[in-house]
Amino acid sequence: MDSLALHSLSALLLLLITSASAAASDPTNQFCDARIGYGDSGCGVSAAASSSKILIKGGTVVNAHHQEIADVFVEHGIIVDVKPNIKIGDDVTVLDATGKFVMPGGIDPHTHLAFDFMGTRTIDDFFSGQAAALAGGTTMHIDFAIPVGGSLIAGFEAYEERAEKSVMDYGFHMAVTKWDDTVSKEMEIMVNEKGINSFKFFMAYKGALMINDVLLLEGLKKCKSLGALAMVHAEHGDAVFEGQKRMIELGITGPEGHALSRPAVLEGEATARAIRLAAFVNTPLYVVHVMSIDAMEEIAKARKSGQKVIGEPIVAGLVLDDSGPWDPDFVTAAKYVMSPPIRAAGHGKALQAALSTGILQLVGTDHCVFNSTQKSLGIDDFRKIPNGVNGIEERMHLVWDTMVESGQISVSDYVRITSTESARIFNIYPRKGAILAGSDADIIILNPNSSFEISTSTHHSRTDTNVFEGRRGKGKVEVTIAGGRIVWINDELKVTPGSGKYVKMPPFSYLFAGIDKVDAMYFSSLKAPVKRAW
Ligand code: URP
Ligand code: ZN
Ligand code: ZN
């Protein structure tokens, strides 16, 4: 072994040892416990998990536009072949998928791991959050890197460090929270050097992450010039601030005050405003966590007019209603506090319908979890309850049960909204989001005849609550393969810190096709300046 290889090996061992000992001294985490096996670090890796060649036999292989009964052969982390009756040698782990669906692993486009927010840090980091994801069939996520002191470079570096213990592949969006020439230059560096192709603008969280319309306009123009996708958290932040004051003046200080202070009309307003500004600039727009009919209808209208607007509902918004924050128990009520708030039941149903008809395109989670102690920061004042709910582990099961089992979408549609569309929008298809020769071996085997049940006592997140507590349904992810490794099988996780890779996402996705032509037509349509006699 040469000295470079020896050096890399010792660095890896050091990382594993450091992570393991940090885990042992951290009372909040579950490393190496009964639920999370720890590959290469002494918790045991099964023969299956350690094989680099895998044959998945006889399943129904589903892509976004096609399904067929076929075998899938994986070697060294890549899908090598997809066809019936593949013949192989003995050194291959064989998984029988007869009667089951073999699909691309989920890609969650919206997560917050190790996120410093509202005076605390999310309890799930890049290890525990990703372990939870894998147990639920998600094999890649795109997290929001947040600038440090307004600096995108400092923010990126901080997140690079936090992601070192990753157990699955991940990418980053970058938030923009202030505007000046440095930020503008840093956006170029993010796109041209760091593999980021999307920037998020928070139209809410006044006094913290919120930007104003001037910044949004500058940001949209810059995104367009870089071929990067502009994303918005759409709520009218000033009006939310006013709504919060109103609730406090009325003496409503509990979690229900959160939802009451930011009604759907404020989400609809901001969604419409962002859409119109994106139309004015002629650049694509991605609206994150669409929670209401109000926002969804703005997106529908814009898409009908030909505008490139992507709408992302999240699983909590699809399946829950607004009753949670009214629970008499503070801890139970506070676990549902997120922004925009989870709306009344009719909204979730309408979002499901919009997803099934293509008005909305893909499902995220906005996984951003705080435990009961952290949520209790707002025991006397709902404005201090850290905002966020779970979903990274539950998304694939709940979308299957809610959308496929109910007959609203096909299995191919399921693949599209949980995986392929994320890969296309963020320009990493078909490396991700497909079961094709040459794609990364991120694969799930889902048994439609098996069932799941969600419980805090069995989930893999570090949080001590679950907004989907007690939910049961049909369709269970029985096997997850990430980067060619079997990481979830027989209800056991086998994960290795550091095994996840950062996925660079190139600019100018399909959403940018034709933008230049529309610009050219617009400019040529402008009448020549009127010549006036003096
Ligand atoms: O409540 C939420 N959504 N927390 C995460 C931050 C955000 O707005 O996405
Ligand atoms: Zn948001
Ligand atoms: Zn979010």
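The backbone N, Cα and C atoms fix where each Cβ goes, and this holds for glycine too.
Residues or ranges marked as domain 'Amidohydrolase-related' in TrEMBL: 101-487.
According to TrEMBL, the N6-carboxylysine annotation covers Lys200. A sphere of 10 angstroms centred on the C-beta of Lys200 (N6-carboxylysine) encloses 23 other C-beta atoms. DSSP assigns Lys200 (N6-carboxylysine) to a strand in the three-state reduction.
The feature signal peptide is assigned by TrEMBL to 1-24.
Restricting the average to the domain 'Amidohydrolase-related' (101-487) gives a pLDDT of 98.
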